[in-house]
Amino acid sequence: MALETCFRAWATLHAPQPPSSGGSRDRLLLSGAGSSQSKPRLSVASPSPLRPASRFACQCSNVVDEVVVADEKNWDSMVLGSEAPVLVEFWAPWCGPCRMIAPVIDELAKEYVGKIKCCKVNTDDSPNIATNYGIRSIPTVLMFKNGEKKESVIGAVPKTTLATIIDKYVSS
């Protein structure tokens, strides 16, 4: 199942905590996570009556861990306007090597979730994008950062080759 949201929670205490011999701490409980019938719920268990309830600040953001289709309609917003680095695969349904590299791109999207975006452009459906970037062979993978093309790789390359490129732009 694709991860659709990233949830971070942290507690900010307002009162000093009395010393405790039992080492009790607030516990964050996530229930219903394994059940397909109920939505996960977040609750706080505060075992110490001397300790006031913590105030929780939550930050949720949509994070996509799968490869998203980019086309001529959404290219500017998805790739050129992205704050995160973007890995773009140019492919076609009839291309054998494209079918070989697709699972590699899927794995990278999951491994780098929240750090990069992964997109794919069908060159048959969006020939103008391919022409603008000089795509003459497929699969071709381009790396974009701040709306600029930074690197390109042609052919069905190993995962480590693409991961090395991604690491350059994620850490910079």
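Sequential numbering from 1, following the chain as shown.
Note that Cβ sites are derived from N, Cα and C of the backbone, with glycine treated the same way.
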According to Swiss-Prot, the disulfide-paired cysteine of CYS95 among CYS98, CYS118: CYS98
Candidate with the highest Cβ count within 10 Å, taken from the active-site residues CYS95, CYS98: CYS98
Residue with minimal Cβ packing [other Cβ atoms within 10 Å] among the recorded sites GLY96, PRO97: GLY96
For the domain 'Thioredoxin' (60-171), residues assigned helix / strand / coil by DSSP: 40 helix, 30 strand, 42 coil
